[in-house]
Amino acid sequence: MAPPAKRARGLTLPGYKYLGPGNSLDQGEPTNPSDAAAKEHDEAYDKYIKSGKNPYFYFSAADEKFIKETEHAKDYGGKIGHYFFRAKRAFAPKLSETDSPTTSQQPEVRRSPRKHPGSKPPGKRPAPRHIFINLAKKKAKGTSNTNSNSMSENVEQHNPINAGTELSATGNESGGGGGGGGGRGAGGVGVSTGSFNNQTEFQYLGEGLVRITAHASRLIHLNMPEHETYKRIHVLNSESGVAGQMVQDDAHTQMVTPWSLIDANAWGVWFNPADWQLISNNMTEINLVSFEQEIFNVVLKTITESATSPPTKIYNNDLTASLMVALDTNNTLPYTPAAPRSETLGFYPWLPTKPTQYRYYLSCTRNLNPPTYTGQSQQITDSIQTGLHSDIMFYTIENAVPIHLLRTGDEFSTGIYHFDTKPLKLTHSWQTNRSLGLPPKLLTEPTTEGDQHPGTLPAANTRKGYHQTINNSYTEATAIRPAQVGYNTPYMNFEYSNGGPFLTPIVPTADTQYNDDEPNGAIRFTMGYQHGQLTTSSQELERYTFNPQSKCGRAPKQQFNQQAPLNLENTNNGTLLPSDPIGGKPNMHFMNTLNTYGPLTALNNTAPVFPNGQIWDKELDTDLKPRLHVTAPFVCKNNPPGQLFVKIAPNLTDDFNADSPQQPRIITYSNFWWKGTLTFTAKMRSSNMWNPIQQHTTTAENIGNYIPTNIGGIKMFPEYSQLIPRKLY
């Protein structure tokens, strides 16, 4: 029998199976992402040829897709292919869109988990006519640029982009490009375009992988700042400062700026409860991919008041006022995530929202003289001064970040940021040290049905194996395990620093059956109308306590150190219980201060908290990095997405005094639209167990939590994020 014919290798580059001309389409699995893109490109060319088209002499949609997929390639083959097809795009004629072989074979995209999987998504509405006119004009003038920069490269971008070129009401073009990490679009009064989209798309990629594309849009209201200056403000204690109340300490120094921060770094900005149900019930792992945001449809108005009594307010469009926009692509300014203060953009897409005022901590010297525990009634002596001159770091946005000036109808785009983070598990672990490894061999098994009839074990001194107690008693309590799941953490401990005392953070874990929240790092959330409180309520702020699902918590009140029958030394030469004093100080016990963290400690990551939790965080610039952050499950290995700042430019009057720090201003405010896209990849869960599992669902009793009241009131409830169990060992 003749040997099988060899597969045509063509002129592929060394180390690749598909990157190069002339190869066959059955070379096996691609060697890297660039090779995978080349395989898809070859398959598209094959379809062109079978349909009677010649893709080699025309620039096609497949070529454009290959360019996008290799835009950030680091391998040499991907770079060569990327620039080859960019050159082809510049010189070769183009195939029409109807010639694309991929128009009828798109992957399945589910727009929203709220729709039945079998329902047909609504068709796209045709774009307005003026968009095609604008694109044609932009193409003719050669101003169509793309921007897909990675702010994690820590290199400031100075290439301007046009987020969109628009026509003014008179038909003349106006506006211009911007610089820095983003760009401003050519604007024009009367022709403002954009889209309002809060859908979540689930694209199933095969082999258990899903791409989640979350869209968010908000109408943002921005008032002019109360002042145009930077202010260094000392904050002193507003609460009592007597002994035993140091948890009330508030003293610090902050720099208050005239700028506002647009922060979308919270789960509730991107997902609704139905989205989160689909993710938590079906995904076992998730990771961040990319993030981009845009400001568009800027409207600036001025307010004047009549001299009548009562005065009448008159609102006018101001076509010359400016909205200042700054994107800190290099993370030059202090990083101030707003989720821990519940000041991100609001969670309800149909409600207008507002950005928070940008401010940051400044170095200060905190002198503290608390009384001893024997002088409980003495007053704490404290004071605060400006920090050491060697520690002062005063930043202004005006000289640290490029600023773009937008007028009515203009828009601004940040470009695409690509994350570098570790995947996050959406499952919880139930195994503790008592559940790792092989259980002890039973002496007898029950013969009568019912849990009240247990099995029995051999005597503790007759069991075989090894443990770490130097006696012959081998019990489940003394059995050796491969590692330590969780650890005993000192809790409610306040360390002192130059800035004052602070509560030492604790890795959040699930409670034990004794419900010891504080020893296990439970997080307390407080929120207002925009972030979960009942929107029609005037009562106190909404609050809840969040405990993760993974079972690695401790119950310090139930722990003990025991001597007999073990050879252990302890304080009282006997049993040391939580009630025993240390150093003569009551209400302190050994387990409160014991830290068992070590090289054998095994930990789970910080759990995501929907809707109020922070999503990503900036890595601390220290030589020794923490393994986890308490505030967010994703920690960016390089710089995080740049912070986005906005401010209404000073709208001055003719009454100007250069010797005065504050000038008379025309009262100006702005409404503009913000939208963003946050992309994830996720792994779908597989069913390997016999028993069904607990899942997030609604009941007849709790469905009212997710729908408005008769007068429009609605609130957001925290949702579990790690319901699916997993084994550790």
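The backbone N, Cα and C atoms fix where each Cβ goes, glycine too.
As annotated by Swiss-Prot, Mg(2+) binding site applies to N330, with the evidence given as similarity to another entry. Residues or ranges marked as compositional bias 'Polar residues' in Swiss-Prot: 24-34, 98-107. Positions annotated as compositional bias 'Basic residues' by Swiss-Prot: 112-128. Sequence annotations record features per position, and here Swiss-Prot assigns compositional bias 'Gly residues' to 173-186. According to Swiss-Prot, the feature region 'Disordered' maps to 1-37, 94-129, 163-186, 437-465. Residues or ranges marked as region 'Phospholipase A2-like' by Swiss-Prot: 18-63. What Swiss-Prot records for 4-12 is motif 'Nuclear localization signal'.
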Please compute the mean pLDDT of the model over the motif 'Nuclear localization signal' (4-12).
58
How many of the residues that make up the region 'Phospholipase A2-like' (18-63) does DSSP mark as helix, as strand and as coil?
21 helix, 1 strand, 24 coil
Using DSSP, how many residues in the region 'Disordered' (437-465) fall into helix, strand and coil?
3 helix, 2 strand, 24 coil
Would you count the other C-beta atoms found within 10 angstroms of the C-beta of the residue listed as 'Mg(2+) binding site' for me?
18
